[in-house]
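Engineer: Annotated Zn(2+) binding site per Swiss-Prot: CYS97, CYS102, in sequence order. Residues or ranges marked as (6R)-L-erythro-5,6,7,8-tetrahydrobiopterin binding site by Swiss-Prot on the basis of similarity to another entry: SER105, ARG368, ALA449, TRP450, PHE463. Per Swiss-Prot, heme b binding site is recorded for CYS187, TYR478, and the stated evidence type is similarity to another entry. Residues or ranges marked as L-arginine binding site by Swiss-Prot on the basis of similarity to another entry: GLN250, TRP359, TYR360, GLU364, ASN369. Feature annotation from Swiss-Prot assigns FMN binding site to SER529, GLU530, THR531, ARG533, SER575, THR576, SER657, CYS664, GLU690, GLN694. Marked as NADP(+) binding site by Swiss-Prot on the basis of similarity to another entry: ARG779, THR1019, ARG1052, SER1081, ARG1082, LYS1088. Feature annotation from Swiss-Prot assigns FAD binding site to HIS801, ARG941, TYR943, SER944, THR959, ALA961, TYR965, VAL978, CYS979, SER980. Residues or ranges marked as compositional bias 'Gly residues' by Swiss-Prot: 15-27. According to Swiss-Prot, the phosphoserine annotation covers SER117, SER618, SER636, SER641, SER839. Residues or ranges marked as region 'Disordered' in Swiss-Prot: 1-74, 821-848.
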Amino acid sequence: MGNFKSVGQEPGPPCGLGLGLGLGLCGKQGPASPAPVSASEPTRAPSSPPLPLPAPEHSPPLTRPPEGPKFPRVKNWEVGSIAYDTLSAQAQQDGPCTPRRCLGSLVFPRKLQGRPSQSPLPQEQLLGQARDFINQYYSSIKRSGSQAHELRLQEVEAEVVATGTYQLRESELVFGAKQAWRNAPRCVGRIQWGKLQVFDARDCRSAQEMFTYICNHIKYATNRGNLRSAITVFPQRFPGRGDFRIWNSQLIRYAGYRQQDGSVRGDPANVEITELCVQHGWTPGNGRFDVLPLLLQAPDEPPELFTLPPELVLEVPLEHPTLEWFAALGLRWYALPAVSNMLLEIGGLEFPAVPFSGWYMSSEIGMRNFCDPHRYNILEDVAVCMDLDTRTTSSLWKDKAAVEINVAVLHSYQLAKVTIVDHHAATASFMKHLENEQKARGGCPADWAWIVPPISGSLTPVFHQEMVNYFLSPAFRYQPDPWKGSGTKGTGITRKKTFKEVANAVKISASLMGTVMAKRVKATILYGSETGRAQSYAQQLGRLFRKAFDPRVLCMDEYDVVSLEHETLVLVVTSTFGNGDPPENGESFAAALMEMSGPYNSSPRPEQHKSYKIRFNSVSCSDPLVTSWRRKRKESSNTDSAGALGTLRFCVFGLGSRAYPHFCAFARAVDTRLEELGGERLLQLGQGDELCGQEEAFRGWAQAAFQAACETFCVGEDAKAAAKDIFSPKCSWKRQRYRLSTQAQGLQLLPGLIHVHRRKMFQATILSVENLQSSKSTRATILVRLDTGGQEGLQYQPGDHIGICPPNRPGLVEALLSRVEDPPPPAESVAVEQLEKGSPGGPPPGWVRDPRLPPCTLRQALTFFLDITSPPSPRLLRLLSTLAEEPSEQQELETLSQDPRRYEEWKWFRCPTLLEVLEQFPSIALPAPLLLTQLPLLQPRYYSVSSAPSAHPGEIHLTVAVLAYRTQDGLGPLHYGVCSTWLSQLKTGDQVPCFIRGAPSFRLPPDPSLPCILVGPGTGIAPFRGFWQERLHDIESKGLQPAPMTLVFGCRCSQLDHLYRDEVQDAQQRGVFGRVLTAFSREPNSPKERHLRGAVPWAFDLPGPDTSSP
């Protein structure tokens, strides 16, 4: 099979394989570094290597200078290349061979078998192996020597001393299982080791649960013929307790019935297990291909018999592409090879029940299963049908018949669309794996006698490759059959189960499949958000996936990216900030994702010196490497190397606005990068435009993502029903599940804002607020000067942004409070509590405080923390429809919430605040807990810093357009900008909660001799004020002579809103600007072309209208 050959009853090749040179057990020694092939090296095949000459009897002792460590030297006799296996120095166990005997062809060497269950590993030995494994794990995630590494070592040591054993964390178990496959010397298909799906079944407590886990494993791995490698890990061996065991050598095997004449009908390799199944209650058939039931054993209990549901066992009837009579032979074989009798050792811990599966190499079926004399032995029957001369071996009838049987196997599996790989492709992939491992680890353990296939030996590249066989940990080991172990507990024969009992076990297992798989399949939902909307969507996604998975919802800055290598399913919901950048809480995730190595570029990227933001934005573009990788993935087979994220399935949803040029750029970059690193995309990137139907787009994508994930992991229920249940307003918010509790603690505003926005905040003080426009203007643009008080957290550079947390207007808050039913006392601090449902084995039902808001009065919540001015989302309208008492209003609200076109028209015409919605639908009864739990958070407003710290130490200047407008084509109510209006009303000494957000990609070039053109209409000039102040400071204080900059500015009228005209003219006179081009869009008697777009060509010396100001 693609992972391991079936080892229970299928011995390896016999002795006499060319003097054992290919076994690599006694290879030459060489220096640590590779050396070129010497001209004196033999070039003939290694069929008869010269024997070493005896040393002279009286030769004087040779004196040699001290040498460094030596490593096995391996040669490829086909191409002449030589390598040195340095990894072999880490071998932790002696091989079966001795200085006088080569035992490399033994199938079950004693040294490769696990310890008896009654012989626990001594504590010191266990500690040593545990330390070695923990060190391996932390080295793999690049955390070696970290505080977490040291704490984990201490934790493991304390656990071993206290209990005699220890427990692996899930990520450690996943790493250990993959490493065990990677280290398996006898497996030819290891290039796929990184794609092994690990199912953690260590919580299993009975044989019935074992059967349920196994059924789920088979269903997942079979995948309707598109086989996937998987392993299920049952509980580890524990001192003083019996083992979990699977008595069958493979999960799916055909019975072998011993006949009275001594012959066997069916598979002779399975006679013994067949008879055991009969003794334990199985009613046998009499066919050649009867699927055996499973004998499963829980600790200290007799084994129990379970029949596999027929729908789980995918079988392939065999036919030949040209020999029509072949189908009449009635041959068939099962799709899934799943070895189930081996022991997994990780860090000294032993797991005696670990069924693992991959896919078949065709020769395992065609040669071993059908042609071996001690198996089905059909070779002569096929030869007779082919009219071959079977009387003499020189006719090569065996070879001819064997080839046609293998052709039939490959043809039949491909016709049935069942994964299989031929021995030529498999061995070629192993050579690639050797090359990969030589680069990555300095070597690769390999057992030549098992790697070379049982057909076409020297026609495959592995035949000509010397190999070194050694044993690393973690590892798979053989173990004695459970019914043969001396002193094994609980192996007695139980009474025969009735057919009804067996059938009932199958029925119970089928009903538990989805539940158990859901408990095992974990989903990580990551969000990156500036406004909180992506977080809200991620939480909705978490509720949906809880229907069939075990999800957790995390902010990107809370997630350690190294965990991606051990994840099964990741869903990303993220917005994009500014010029295609990640949201601030996604910056660390983006940086770490860029530093991970992809499958086609294991070395660092050549552009590592660039800003990660610039590099990350480039990923979302049409990168030739990404295009090449996508094409390779589509054409790939199961012989390709997996990337760093080989076991990851993912899908991404992006939020943005098509009003900006970099729409969903960060989401597109994450989606591309995860695929580039080897992840498998379950669903195409979803995108939600805030200008039109964003929530509807998300709901459709979430449902499709849930459906795709359920199909991939063979779990769950109808996606439409689950999505309807989650997104239904009646199920989203229920009065009886929320209540207000009185809190003694009052609100402190700055700590409260820090709690809500999960970031550091600072208080700045107003120095002045000045209107920059003429008193004759109907609009206002203000210059706000803030005193930072020298706080380190408010240090900035020109080009950075400042985030300000404004309050809502008091009049709006008071009007909304008057609409709340049964509000708490005005001065009483409250918190929302939610009734959490209990779960089996978990905490009982109870009231849990909602942590979103700090304790505060309802008025404070509506003033400082909740957004009451933005148009309500469709989801909130659905909730309000359930609270409307008037049927017509209820119907209208439901229509608006469900019809994206109607909603967008209503939103853009009215742009209503929450209060205006309540005025339009007056029958809505508004409970206070709904406001506190369902309203979006009042988000910080970002402004470009409009000053330079060198020119104004301890100050931050802002250039802010004060927003005021009427909706409904100018006939609706007057709306005000939340932050701009508040800032315009502040007085000297007032406090402003704020923070700095850096913009490292928006800076003046470090080389002052480079030319700069600054283009900004209206308040777009704000950041450039900081640039010219910085440049002026450099000229006058540092004596720099920079290249003069060009400023292109646009406004309406030169006498009304020409911002900073005097400052600009002064800077130009001092050498900061070489040219200042100004366009006035509404200047009386001004030509129509005098807009900003007409001035830009002049800045680049391109043809265009002359818009220079006099």
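Backbone N, Cα and C atoms are what each Cβ position is placed from, and that goes for glycine too.
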Engineer: In angstrom units, rounded to an integer, how far apart are the Cα atoms of TYR360 (L-arginine binding site) and CYS102 (Zn(2+) binding site)?
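Structural biologist: That separation, Cα to Cα, works out to 30 Å.
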Engineer: Given the binding-site residues CYS97, GLU364, ASN369, ALA449, PHE463, which one's Cα is the least distant from that of SER575 (FMN binding site)?
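Structural biologist: Result: the closest of the binding-site residues to SER575 (FMN binding site) is GLU364.
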Engineer: Give me the CA-CA distance between CYS102 (Zn(2+) binding site) and GLU690 (FMN binding site), in Å, as a whole number.
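Structural biologist: Distance between the two Cα atoms comes out at 71 Å.
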Engineer: Using other CB atoms within 10 angstroms as the count, which residue among the binding-site residues TRP450, PHE463, TYR478, TYR965 scores least?
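Structural biologist: Checked TRP450, PHE463, TYR478, TYR965; of these binding-site residues, fewest Cβ neighbours within 10 Å: TYR965.
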Engineer: Between SER105 ((6R)-L-erythro-5,6,7,8-tetrahydrobiopterin binding site) and CYS97 (Zn(2+) binding site), how many Å separate their Cα atoms?
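Structural biologist: Distance between the two Cα atoms comes out at 10 Å.
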Engineer: Could you state the whole-number distance in Å separating the C-alpha atoms of THR1019 (NADP(+) binding site) and TRP450 ((6R)-L-erythro-5,6,7,8-tetrahydrobiopterin binding site)?
Structural biologist: 73
Engineer: Would you identify the secondary structure of ASN369 (L-arginine binding site) according to DSSP, in three states?
Structural biologist: helix
Engineer: Please work out the number of neighbouring Cβ atoms within 10 Å of the Cβ of TYR360 (L-arginine binding site), leaving out its own Cβ.
Structural biologist: 29
Engineer: Just the number: how many Å between the Cα atoms of TYR943 (FAD binding site) and THR531 (FMN binding site)?
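Structural biologist: That separation, Cα to Cα, works out to 15 Å.
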Engineer: Find, among the binding-site residues listed as SER105, THR531, THR959, the one whose Cβ has the highest number of other Cβ atoms within 10 Å in the structure shown.
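Structural biologist: Going through SER105, THR531, THR959 one by one, the largest Cβ count within 10 Å is at THR959.
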Engineer: Where the distance is taken from Cα to Cα, which of the binding-site residues PHE463, TYR478, SER529 turns out closest to GLN250 (L-arginine binding site)?
Structural biologist: TYR478
Engineer: CA-CA, which of the binding-site residues TRP359, ARG368, ASN369, GLU690, THR959 lies nearest ARG1082 (NADP(+) binding site)?
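Structural biologist: Of the binding-site residues TRP359, ARG368, ASN369, GLU690, THR959, THR959 has its Cα closest to that of ARG1082 (NADP(+) binding site).
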Engineer: Taking Cα atoms as reference points, which of the binding-site residues CYS97, TRP359, GLU690, THR959 is nearest to ARG1052 (NADP(+) binding site)?
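Structural biologist: Closest candidate to ARG1052 (NADP(+) binding site), judged by Cα separation, is THR959.
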Engineer: Cα distance, ARG779 (NADP(+) binding site) to ARG368 ((6R)-L-erythro-5,6,7,8-tetrahydrobiopterin binding site), nearest Å?
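Structural biologist: That comes out at 87 Å between the alpha carbons.
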